[in-house]
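Trainee: Take a look at the following structure, please.
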């Protein structure tokens with residue numbers, strides 16, 4: 001103990017000796033406890049500079065800083081090897097401890113002891129280093145089948161411990177309860193999309209990450225229809241479907257499969273629809289057409305008859321000869337009525 005005290009500057013030998021004797025009585029890792037000292041709490045964000053305030057009574061008094069049982073400064077002598085630590089020298093009375101780029105390892109109690117004429121005056125500061133939220137583990141993007149149970153995981157660090165929340169951001173933007181794990185039982189196609197995990201603790205902006213969930217489901221045909229079909233002109237049938245993965249479409253006329261370019265037929269397949277076009281409609285093209293949609297989860301189909309246009313339009317039925325006869329009869333009756341009215345007029 002005497003050898004250690006002799007290693008300090010002469011002006012600070014007494015202070016170093018007192019501190020060393022005090023610290024040597026403590027078990028390793030235990031902090032110095034001054035029951036008469038006032039305790040102040042300081043919150044500092046990780047990466048910022050912490051200034052722990054302490055003032056001497058006059059320019060001649062001596063001070064010291066301790067962190068737990070370790071001496072940081074004794075008077076003007078620096079005992080710590082940490083280059084981030086220094087004493088503020090704004091004026092002769094200022095003996096504040098400055099720690100640059102604070103980290104979580106700097107968290108804990110600090111004690112400033114000032115030697116007065118009678119007894120040491122001490123002040124304690126408990127430094128709490130706050131850490132912004134950081135998501136360090138989140139579920140990978142996934143592709144699963146409809147009806148499967150799914151658990152999404154989002155783990156984050158921070159001080160205070162961040163609150164974690166989930167949100168289905170597409171397509172419904174539905175919020176969920178807070179928690180590291182989001183359980184979805186029997187997932188449906190409507191629950192596909194992006195899920196956003198947000199970690200927040202008010203130290204900084206929330207940390208946000210996303211998981212994309214693709215839900216496979218068997219295809220469905222939502223609509224099949226055609227426009228007016230006239231011989232000698234083009235006609236088309238449109239088949240609207242849905243499925244994940246996108247379904248492959250096929251066309252049949254009766255039991256016979258149709259191919260693109262066959263007998264004036266053009267087939268255009270897209271992710272959610274297929275269009276069958278007949279470039280020059282003839283009598284052979286009329287009949288029953290079936291659209292088939294298939295992916296690895298299933299197959300479905302829908303049919304539509306392609307019929308020739310009705311020869312009786314605008315509500316008129318019957319043959320052309322019948323129509324001519326009706327017009328002849330109408331003209332004859334009209335002539336008879338006209339002659340009758342003319343005769344009566346002459347007689348009068």
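Note: Cβ is positioned from N, Cα and C throughout, glycine not excepted.
Straight from Swiss-Prot, here's the annotation block:
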- 54-112: disulfide bond (DISULFID)
- 154-197: disulfide bond (DISULFID)
- 239-291: disulfide bond (DISULFID)
- 32-128: domain 'Ig-like C2-type 1' (DOMAIN)
- 133-215: domain 'Ig-like C2-type 2' (DOMAIN)
- 219-307: domain 'Ig-like C2-type 3' (DOMAIN)
- 67: N-linked glycosylation site (CARBOHYD)
- 149: N-linked glycosylation site (CARBOHYD)
- 269: N-linked glycosylation site (CARBOHYD)
- 280: N-linked glycosylation site (CARBOHYD)
- 288: N-linked glycosylation site (CARBOHYD)
- 301: N-linked glycosylation site (CARBOHYD)
- 318: GPI-anchor amidated glycine (LIPID)
- 181: phosphotyrosine (MOD_RES)
- 1-31: signal peptide (SIGNAL)
Trainee: Which of the recorded positions 54, 67, 112, 154, 288 has its Cα closest in space to the Cα of residue 280 (N-linked glycosylation site)?
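Mentor: Comparing Cα positions, the closest of these recorded positions turns out to be 288.
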Trainee: Let me know how many other Cβ atoms fall within 10 Å of the Cβ of residue 149 (N-linked glycosylation site).
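Mentor: The answer is 10.
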Trainee: In whole Å, how far does the CA atom of residue 154 (disulfide bond) lie from that of residue 112 (disulfide bond)?
Mentor: 42
Trainee: Fill in the CA-CA distance, residue 197 (disulfide bond) to residue 112 (disulfide bond), as an integer in Å.
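Mentor: Checking the Cα atoms of residue 197 (disulfide bond) and residue 112 (disulfide bond) gives a distance of 43 Å.
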Trainee: Check the DSSP secondary structure of residue 149 (N-linked glycosylation site), expressed as helix, strand or coil.
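Mentor: In the DSSP reduction, residue 149 (N-linked glycosylation site) maps to coil.
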Trainee: So of 67, 269, 280, 301, which of the glycosylation sites has the fewest other Cβ atoms within 10 Å around its own Cβ?
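Mentor: Ranked by other Cβ atoms within 10 Å, the glycosylation sites 67, 269, 280, 301 bottom out at 280.
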Trainee: Any same-chain residues 6+ apart from residue 291 (disulfide bond) with CB under 8 Å of its CB? Would you list them in sequence order, or say none?
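Mentor: 221, 224, 237, 239, 241, 249, 250, 251, 274, 276, 301, 302, 303, 304 - these are the non-local Cβ neighbours of residue 291 (disulfide bond), listed in sequence order.
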Trainee: Using C-alpha atoms, which one of the recorded positions 54, 67, 112, 181, 269 comes nearest to residue 288 (N-linked glycosylation site)?
Mentor: 269
Trainee: Using residue 112 (disulfide bond) as the reference point, find which of the recorded positions 67, 149, 181, 269 has the shortest Cα-to-Cα distance to it.
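Mentor: For residue 112 (disulfide bond), the spatially nearest of the recorded positions is 67.
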Trainee: Whole-number Å only: compute the distance from the Cα of residue 269 (N-linked glycosylation site) to the Cα of the residue listed as 'phosphotyrosine'.
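Mentor: With the alpha carbons as reference points, the distance is 40 Å.
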Trainee: Do you know offhand how many angstrom separate residue 67 (N-linked glycosylation site) and residue 54 (disulfide bond) by C-alpha?
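Mentor: Cα-Cα distance, residue 67 (N-linked glycosylation site) to residue 54 (disulfide bond): 14 Å.
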Trainee: Give me the CA-CA distance between residue 149 (N-linked glycosylation site) and residue 54 (disulfide bond), in Å, as a whole number.
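Mentor: Residue 149 (N-linked glycosylation site) and residue 54 (disulfide bond) have their Cα atoms 59 Å apart.
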Trainee: How many other Cβ atoms sit within 10 Å of the Cβ of residue 239 (disulfide bond)?
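Mentor: For residue 239 (disulfide bond), the 10 Å Cβ neighbour count is 27.
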Trainee: What Cα-Cα separation, expressed in whole Å, is found between residue 181 (phosphotyrosine) and residue 54 (disulfide bond)?
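Mentor: A Cα-Cα distance of 46 Å.
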